[in-house]
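Below: the structure, in structure tokens.
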């Protein structure tokens, strides 16, 4: 999964 910072850039899926 992607870190919160990467999620903002459109990386998926995001970690929780």
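Cβ atoms here come from the backbone N, Cα and C positions, even for glycine.
Listed features, source Swiss-Prot:
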{"type": "DISULFID", "residues": "1-15", "note": "disulfide bond"}
{"type": "DISULFID", "residues": "2-11", "note": "disulfide bond"}
{"type": "DISULFID", "residues": "7-14", "note": "disulfide bond"}
{"type": "MOD_RES", "residues": "13", "note": "4-hydroxyproline"}
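Here the features listed in Swiss-Prot are placed on the structure.
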residue: 1; record: disulfide bond; contacts (Cβ under 8 Å, 6+ apart): 13, 14, 15, 16
residue: 2; record: disulfide bond; contacts (Cβ under 8 Å, 6+ apart): 11, 12, 13, 14, 15
residue: 7; record: disulfide bond; contacts (Cβ under 8 Å, 6+ apart): 14, 15
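Secondary structure at residue 2 (disulfide bond), taken from DSSP and collapsed to helix, strand or coil, is strand.
DSSP gives residue 11 (disulfide bond) a coil state; it is part of no helix or strand. Just so you know, the Cβ of residue 11 (disulfide bond) picks up 14 other Cβ atoms within 10 Å once every protein chain is counted. Comparing local CB density within 10 A for the recorded positions 13, 14, the maximum falls on 14.
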